[in-house]
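Feature annotations, courtesy of Swiss-Prot:
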BINDING   Lys16, Thr175, Asp176  ATP binding site
BINDING   Ser56, Asp143, Asn155  substrate binding site
DOMAIN    281-359  domain 'PUA'
Amino acid sequence: MSKRQLVTQSRRFVIKIGSALLTDNGRGLDQKAMAAWVEQIAALSKKGYEVVLVSSGAVAAGMTRLGWKSRPKAIHEQQAAAAVGQSLLIQAYEQEFQRYSKKIAQVLLDHDDLSSRQRYLNARSTLRTLMNLDVIPIINENDTVVTDEIRFGDNDTLAALVANLIEADILCILTDQKGMFDSDPRQNALAELLFEKPALSPELDNMATSGGALGRGGMISKVRAARLAARSGASTVIVGGKIPDVLPKVANGDMIGTLLYADQQPIAARKRWLAGQLQSRGVVTLDDGAVSVLRDKGKSLLPVGVKAVSGHFTRGDMVVCKDARGAEIARGLVNYNSDDARKIMGQPTTKIETLLGYKDFDELIHRDNLVLS
């Protein structure tokens, strides 16, 4: 039985549109293309779907207004282009959505907005309020102020985090390809489109190697986004943006594109927030016993199971937990700073106070502040 019924039963969509589908070969906004996207989104909204749009295009629009022929390499110049272009992008959307009497809202997010629990909850409340008011939020990364070190990396990731934030049913990533293929269609004429796969399928890992089918065209980031969205129970459709009326067809469950469906129970809201933390301050390496305790028993991480500590972090920072082979097992908020963690690693809880002169917690990371990768 097809999993497309997951889509037809869904009412809350996050739609991500990349620059290639909004601009005229990178030479500024393509108003005709934008009009077509707005028409489709307005049609979904009229049918009762809740839609949040994650839109690229600000940098390209700014470059055109500034008279730049090629994308600048310097981050401050990219940020300047984004600052100029963001207003143009929203003006273009406002002009088109007015044709359908639809209200829109501009929302700019950066990593700090989602890494702070309070700001995360505020963003969620704002987006929910906008949707209740029948306003379509248009979201982009706040390129003007963000630094390279804390960028989301791409709008695929941002869209997945937004899907988690609002507990969306479907994340729809529009691309310049028809979807995901089992091999590179540019090299293999017999390459077949993958219609449906579990978001956590190991087969996708094998394909996502440097020489695999997903190693080109940004598909690796789309798989990562699908897996992140799956944590809140959202399924992801990766589909070609050149298909006529693609969004209504996706909503109708047509067999187009690739559906990477969530086949696990959604994790709790706090753990969704933890899973979305992209910036970690350190790494703790675990022994096999600790790995088993986290994976199989869902317990807290005790110092005795830690073999090594790297990085510099303070209490409350995000750290990554890895096994002896370097594979990420989990991530969580640490109860001790890096210096103290090194002193107590490999030691039983009963020795913490002797080693540190104090003991605030038995656990290095409590299970409530830990999420499996």
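Sequential numbering from 1, following the chain as shown.
Note that Cβ sites are derived from N, Cα and C of the backbone, with glycine treated the same way.
Here the features listed in Swiss-Prot are painted onto the structure.
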residue: Lys16; record: ATP binding site; DSSP class: strand
residue: Ser56; record: substrate binding site; DSSP class: coil
residue: Asp143; record: substrate binding site; DSSP class: coil
residue: Asn155; record: substrate binding site; DSSP class: helix
residue: Thr175; record: ATP binding site; DSSP class: strand
Shell of the ATP site beyond Lys16, Thr175, Asp176, same chain only (C-beta within 8 angstroms of their C-beta centre): Ile17, Gly18, Ala20, Leu21, Ile173, Leu174, Gln177, Gly218, Lys222, Ile238, Val239, Gly240, Gly241
Tertiary neighbours of Lys16 (ATP binding site) (same chain, Cβ under 8 Å, six or more apart): Leu53, Val54, Ser55, Asn155, Asp156, Leu158, Ala159, Leu171, Cys172, Ile173, Leu174
Alpha-carbon spacing, Ser56 (substrate binding site) to Asp176 (ATP binding site), which is rounded to whole Å: 14
Output field, substrate shell: CB within 8 Å of site CB centroid, site Ser56, Asp143, Asn155 dropped: Ser19, Val54, Ser55, Gly57, Ala58, Val59, Asn140, Glu141, Asp154, Leu158
Greatest inter-residue Cα distance in Å for the substrate-binding set Ser56, Asp143, Asn155: 11
Model confidence over the domain 'PUA' (281-359), averaged pLDDT: 94
Cβ neighbour count within 10 Å of Ser56 (substrate binding site): 22
Integer Å distance between the CA atoms belonging to Asp143 (substrate binding site) and Asp176 (ATP binding site): 23
Residue counts (helix, strand, coil, in that order) that DSSP gives for the domain 'PUA' (281-359): 28 helix, 23 strand, 28 coil
Sparsest-packed among the binding-site residues, when each Cβ's other Cβ atoms within 10 Å are tallied, from Asp143, Asp176: Asp176
